[in-house]
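According to TrEMBL, the features are:
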REGION    1-32  region 'Disordered'
REGION    173-247  region 'Disordered'
COMPBIAS  187-208  compositional bias 'Basic and acidic residues'
DOMAIN    293-401  domain 'Fibronectin type-III'
REGION    396-415  region 'Disordered'
DOMAIN    405-500  domain 'Fibronectin type-III'
DOMAIN    501-594  domain 'Fibronectin type-III'
COMPBIAS  581-590  compositional bias 'Polar residues'
REGION    581-625  region 'Disordered'
DOMAIN    598-695  domain 'Fibronectin type-III'
DOMAIN    696-789  domain 'Fibronectin type-III'
DOMAIN    793-883  domain 'Fibronectin type-III'
COMPBIAS  894-908  compositional bias 'Basic and acidic residues'
REGION    894-934  region 'Disordered'
COMPBIAS  909-927  compositional bias 'Acidic residues'
DOMAIN    928-1012  domain 'Fibronectin type-III'
DOMAIN    1013-1107  domain 'Fibronectin type-III'
């Protein structure tokens, strides 16, 4: 048998009968080699199979057994078939088997045979095996398939120990090379791995040498027999030297090596506490490389639904080991704490892995596995936040076990005395199901079961049963591993005798196309009997006879798709497993008629009237199988949303719809009634009725109180609009004692104002409405009396001036216009457009006071009565007589710059002042000297605005300065008062005069003269040089503050004889710089404070001294025969001051001495 499931490193094999959890996986790897596959050779009972072991001896295996072999290239090898035998390849659950059986006894047993693949050609690396049933050992090739370790499969335990399995190594092998004896060589390691391996081997030998005398080691003797699998079913049956491709000795060596590595890691961890950040990064990288070097786990115990794993701690590389050996002499360190995560995959090596264990132990047990299933496990080491690379996956296959609990059996058929039961095979869990166990309760119903069948079949016939009886059954499956649990009990009934004919069917309800019937169970049939019924139907006049229309166990049926108003015959027969009864008596039923179709073509007959119209229609095209009994007409007002109302019901095909509203639109529809029901509604008929003129309106009503000359009327729409919206209204007015009315309003509004009426008169008003059909009748009259009117306008008033500030206004009473005048209103103002009410009362005259002389005034008057205010009279203009001037209102003091002296004196008018200002501007432009100013210490300058002259020109002003004599000036607005005392306050007021007299004085205001300005100080020169002069004046500190009241103004005379300003401030010294040597300069100084500027001092002249000559360049010396000639560059003359040169010389180290007779 050829099995394409992947080989497992634990040495446990996949049972060929185990259904996989997923779809059959692709050809998998054997220790990483995809070309190698496991070949299971099935040996049937009574047959033998011969293999060659590693020691060269032959071993004969008798059936039944399954021998695991290894195919190096993944193909099914050619099988040597002795005479009388045949080779068959079958597949079940994704597993291929090669069977060698006698030709006469070959029974696939439910396995579906596959097409035979052609025998592969001979290959140099292809191994073979020899089946040998009941014959001596046949010659065989030199290369045989070597059996795998522990391949029990479906073999009985007594055959496992008859042959020794071969070793399987866990290292990967190259796909290009095939060793001759089925072993896979070790993969070539790199230099670093070889060093690490040699170092670990050395340490392990040293430690094993120390433990040799202790005994109790885990490594058994090489020649000791393998462990018996019957003693420990959890141990993989492959001998003591093999555990998942690695012997127990290798496991012990790896655990000892992991202990050494763990101690090294603890030292590194303790030493890393005092490291610098850079060293810590190196430490983390070292730990990461450490945990990345994780070997794959070892499967130590395999059960049907669980497995135990163990592993070793990650091993350091050779470089890290050398570094650790160098650091062991310096200081000890603690190992880092490792945790491990085990992941399991049942979908292949590269499938999805799920975490099954996470912890710090070096072993784990995985539960909840599926029996006889391939699994791959891998290991990942973790240290703090670091995660290592997952290890290479290790594969194993769980053991087989008893089958799963089967489903309850089902009843395939039955009679009165027999029951045929069938069932499906449950999951065999890796071992083929040999037999099934069927229990029953013998029909007692006590819950006690007895075995009624034991065998390999999947169905069983139970005989000699009682009719119409209930029996309970349950099922269990058995294989080589044991018996499964029993299924849930299931009850089954035996059949009865042929039922009696039932009664004829009864009618439940008949429809247009269906009839619902019911019938009763045959009399005398037991309740336990399973009876079905056949309903037969015959259509009247069809000629087909009775045809079945229902077959089932129900006692009612609805026959559909029938014709309307048609008679049908029905009968029913009962049957069970024993046979069919005679049919019941025949029943006749008729389907109901269908409802008729809608009436056709509803239309209006004749011309519609304002309140009615005649409607007609045609009968329906299809009456549904029965005559129409009556017609129903429903009508609704279109667009109003009103419900449909029935307006006619009868057999005629026309009707009159009356009592309608004129001008409205109506919609009507008709339907008919028959035995079959009500027809659908016909098409909707739209009818528009003609409109009529609207009905009479209510009389108009007056809005508010009637006025004297107008009345406001309001009215409502007519209650009857005639079927059309009212579009216009017409209002007529009847004058007193007038027979004909006059239309005063026509429009669509519901109110109007009637004007041009006379006050206190009675008028009549009536109203009518109009729509598109015309005007309706007039309403009744409404009598309205107008109110009193406002007075007529007064005549222009009469104005008499009693004085320049007083006037009397009088007027005459106007026509009252129906009501007495209650008061008059007089408006007065200086402008025609800004008059204000100055009098209100019943009088006809009013006196006005406080007027301005020589001023134009405007006035008008109006009368008021209970009806309202009459219009104003015409405007009257009047002028008050002239008077003395008004008081001077605004007086200002002149600035000091405005107080200039001139030959014309201080009594000047406005024109003279303007000429003066123009002269000042001209002088400024020509740079002419400005006239001197009046001293603010003895003079006060006044300026005021000319007051109103009240019709007479102002001739002069009178200035009152208190105790002094008043000053009379001309018609000027500016005056300078002289010869006053310094620092003295004066109370001043001004009065204007004209030809009519003197006006009132202005308000009194106070002015004060300033104190006298300070005298100039004495100017002195305290220091000088050929370019600077330091001047000093007065007594006080050298530096002053800007807040000092007394300040100084220093000036220097220029070449043109004008003095220019040098300094202005509170200091008492000033240094004049950038002067010429031996030059005289003229200065003057002035002191000023709040009182003003004092006079300038007398002129002071100071002269700068001469400056020394400039330094000369080094002289040039020319040596003559017996003397030397010395020359230098001459300096320019210094304003007539002669320049004298002095020549000095030095002899040796002595000082410079003047050369005699060398002054030039």
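Cβ atoms here come from the backbone N, Cα and C positions, even for glycine.
In TrEMBL, annotation is done automatically, which means it is predicted and not curated.
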Residues of the domain 'Fibronectin type-III' (928-1012) by DSSP state, where helix covers H, G and I: 0 helix, 39 strand, 46 coil
DSSP-derived helix, strand and coil totals, residue by residue, for the domain 'Fibronectin type-III' (793-883): 3 helix, 47 strand, 41 coil
For the domain 'Fibronectin type-III' (1013-1107), the number of residues DSSP places in helix, strand and coil: 0 helix, 48 strand, 47 coil
Number of helical, extended and coil residues in the domain 'Fibronectin type-III' (293-401), per DSSP: 11 helix, 44 strand, 54 coil
Across the domain 'Fibronectin type-III' (501-594), average pLDDT on the 0 to 100 scale: 89
